[in-house]
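Visitor: Once you've had a glance at the structure underneath, I'll fire off some questions.
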Amino acid sequence: MMLYGVMLILFISISFVAYFCMSTTTEAVDQYSERLSVSAESNMRKLFLFTDTRKLMIIYIAAIILIPVFLFVAGFGLFLSSLAMLVLFMAPRVMFAQLAKRRRVKINQGLPDALTQISGAMRAGSTFTMAMQSYVDEQKGPLGQELSLLLREQRVGARLEDALDSLAERVQSEEMDLVVSAALIANDIGGNLAEILLSLSETIRRKLEMEGKVGALTAQGRLQGVVVSALPFAILMPLIYFEPKATLPIFNTLLGWVFLVVIVVMVGIGGLIIRKIVNIDI
């Protein structure tokens, strides 16, 4: 009778612990999903991408759970499964950063022509706002979207200074900061804004040309950094498939894990050094 009582108490305890763990895990997943959804919605709004983030979150969380499990069941080992989960965790931040960078590059590339067109319209008698509106009516790219949002902010009562500050904060580029600073100074103390914008367009155009030349000259160094960083893992993957007996100790022993950690740290340091060398600020 005592044995049945002990077993009953043990069963109740295990059930309580399992329920507590499941509740805690579910709550943590819900909190993570909510934070990720808010962050994704904010980032997508900045990129002018409007879609249902809930569906994206469901697909993303399912991928985080199912892909590592599939890799582990398929025999790829705990290390590669954990690595896949880590990559999936980092993927949204990297993806949004790359999309923001591409958008910033497109905006910067369109600035010289936009400033030239706005300057020409102002010389013809248009105001700064009217000149921007004429550009927005003709251009629908990233820069046109940002200027269109600036004009909409003005229509709902925002001051020009506040709208320009919001524009600079959204774009986060030195070129746009120059344009916003010039417009704010001309608006405060006066001056020929059309001539200032025309001069800025030429300056930005030369700066972009110089950055393009530097990027072409350092492209080989960047490619070498990627190749050198990926080479150890590119060699390891075929060895895992063709020589599993020789490579399994790397993942099943403490010395093997130390070896992997040292490789990852050294490859990371080397990649950062190469990136620092080829990243020339103009």
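One-based numbering along the chain as shown.
Each Cβ is built from the backbone N, Cα and C atoms, and glycine gets one as well.
Source: prediction; values computed, not measured.
Straight out of TrEMBL:
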| type | residues | note |
| --- | --- | --- |
| TRANSMEM | 58-91 | transmembrane segment |
| DOMAIN | 115-236 | domain 'Type II secretion system protein GspF' |
| TRANSMEM | 223-242 | transmembrane segment |
| TRANSMEM | 254-274 | transmembrane segment |
Visitor: Over the span of the domain 'Type II secretion system protein GspF' (115-236), count residues by DSSP class, listing helix, strand and coil in order.
Guide: 105 helix, 0 strand, 17 coil
Visitor: I'd like to know the mean pLDDT over the domain 'Type II secretion system protein GspF' (115-236).
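Guide: So the average pLDDT across the domain 'Type II secretion system protein GspF' (115-236) works out to 87.
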